[in-house]
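Per Swiss-Prot, the feature ATP binding site maps to GLY2, PRO3, THR4, ALA5, CYS6, GLY7, LYS8, SER9; the stated evidence is sequence analysis. Residues or ranges marked as substrate binding site by Swiss-Prot on the basis of sequence analysis: THR4, ALA5, CYS6, GLY7, LYS8, SER9. Annotated region 'Interaction with substrate tRNA' per Swiss-Prot: 27-30, 149-153, in sequence order, evidence recorded as sequence analysis. The feature site 'Interaction with substrate tRNA' is assigned by Swiss-Prot to SER93, ARG115.
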Amino acid sequence: MGPTACGKSQLAICLRKYLSIELISVDSALIYRGMDIGTDKPSFSDLYNHPHRLLNIKDPVENYSAAEFQKDVLREIDEIIKLGKIPCLVGGSMFYYNVLLHGLSILPPSNIKLREYLIQKSYEKNYLYKKLKLIDPISASRIHKNDFQRLIRALEIFYLSGKSLTELKKKNNYKLPYNIFQFAIIPPNKEWLNNKIELRIKKMLMLGFQKEVEILFLRGDLHKNLPSIRCIGYRQMWEYLEYKNSYKDMFNKTIHATRKLAKHQLTWLKNWKNINKIEYHSTSTILAKKVLDVLEKNDFSV
């Protein structure tokens with residue numbers, strides 16, 4: 001775990017030198033095919049040598065729910081264990097990790113008409129977030145005000161069931177049937193992380209991110225309300241292609257949104273239980289050594 005641009009993927013790949021592990025991606029953006037540059041997906045070479053499960057499993061026009069992730073990731077974990085190997089989950093989607101660790105309550109299925117209404121209301125600035133804050137302040141504190149997919153789902157659950165997401169979660173008796181070790185890479189300071197994020201976005205644009213989004217834009221079956229196109233970077237570039245902002249605005253808004261995401265990820269990690277926090281280092285082998293030291297102290301054997 002860890003905020004964006006902290007080297008999670010490189011560390012996971014490095015750990016394969018020392019441990020018999022199989023990698024599982026825990027990232028709500030990396031699931032989409034054809035969205036490689038803007039999601040900072042591992043290179044073709046890295047994926048060939050170090051396959052990641054739950055990566056490139058959906059077309060951008062498709063939705064992917066937290067319930068689907070829970071089912072898929074538990075299946076992948078079970079398959080890896082049956083192979084006699086260790087599942088290693090890597091990514092920055094903190095909500096997905098939370099679902100894996102604590103489960104989901106039995107929730108009402110989505111209602112098309114209600115969802116369409118809430119999507120329309122999402123165009124009103126902060127409407128969804130303010131509404132959820134009144135209904136379910138605990139859930140609102142855990143969901144970013146621009147995370148429309150989760151805000152809509154939380155409101156949808158309340159309107160359909162009459163109970164808040166927080167209330168329903170209290171009735172959840174789910175327990176993960178595995179012994180787990182949790183690690184998070186922590187950046188040295190805010191300024192360092194902000195600089196890393198800006199450098200990543202500049203590199204992304206140099207690698208042809210605009211062309212990648214243009215290909216999606218010209219398909220004709222995608223729109224900006226889809227979860228895939230709401231991914232950071234894609235949403236801003238999409239608006240640029242619609243002539244709704246300048247190239248400079250697109251660049252600055254992408255940096256701003258990515259920094260907010262990193263802040264949100266660190267907020268999750270601040271209160272995360274039973275986690276081993278590892279200070280960032282530019283050399284993956286040094287980070288791997290820190291992970292191995294923790295495992296050794298806990299009598300972990302391969």
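Using the three backbone atoms N, Cα and C, a Cβ is placed for every residue, glycine included.
Where Swiss-Prot records a feature, it is marked here on the structure.
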{"residue": "GLY2", "record": "ATP binding site", "DSSP class": "coil"}
{"residue": "GLY7", "record": "ATP binding site", "DSSP class": "coil"}
{"residue": "SER93", "record": "site 'Interaction with substrate tRNA'", "DSSP class": "coil"}
{"residue": "ARG115", "record": "site 'Interaction with substrate tRNA'", "DSSP class": "helix"}
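Between the recorded positions LYS8, ARG115, LYS8 has the most other Cβ atoms inside 10 Å of its own Cβ, all protein chains included. For the substrate site, the Cβ centre of THR4, ALA5, CYS6, GLY7, LYS8, SER9 serves as reference, and the other residues of the chain with Cβ at most 8 Å from it are GLY2, PRO3, GLN10, GLY92, ILE185. The most densely surrounded of the recorded positions THR4, SER9, SER93 is SER9 (count of other Cβ atoms within 10 A of its Cβ). Long-range Cβ proximity for PRO3 (ATP binding site), meaning a same-chain Cβ under 8 A and a gap of 6 or more residues, is found for GLY92, ILE185, PRO187, LEU193, LEU261, ALA262, LYS263, GLN265, LEU266, LEU269. Cβ crowding, taken as the number of other Cβ atoms within 10 Å, peaks at GLY2 among the binding-site residues GLY2, GLY7. Within 8 A of the CB centroid of the ATP site residues GLY2, PRO3, THR4, ALA5, CYS6, GLY7, LYS8, SER9, the other residues of that chain are GLY92, ILE185. Counting residue by residue with DSSP, the region 'Interaction with substrate tRNA' (149-153) contains 5 helix, 0 strand, 0 coil. Under DSSP, residues within the region 'Interaction with substrate tRNA' (27-30) fall into helix, strand and coil as 0 helix, 0 strand, 4 coil. Contacts of ALA5 (ATP binding site) defined by a Cβ separation under 8 A and a same-chain sequence distance of 6+ are given as LEU193, LYS196, ILE197, ARG200, THR258, ALA262, in order along the sequence. If you draw a 10 Å sphere around the CB of CYS6 (ATP binding site), it holds 24 other CB atoms from the protein chains shown. Cα spacing between CYS6 (ATP binding site) and ARG115 (site 'Interaction with substrate tRNA'): 35 Å, rounded to the nearest whole number. In this structure the alpha carbons, written CA, of LYS8 (ATP binding site) and ARG115 (site 'Interaction with substrate tRNA') are 34 Å apart. Residue pair SER9 (ATP binding site) / SER93 (site 'Interaction with substrate tRNA') shows a Cα separation of 13 Å. The separation of SER93 (site 'Interaction with substrate tRNA') from GLY2 (ATP binding site), Cα to Cα, is 9 Å.
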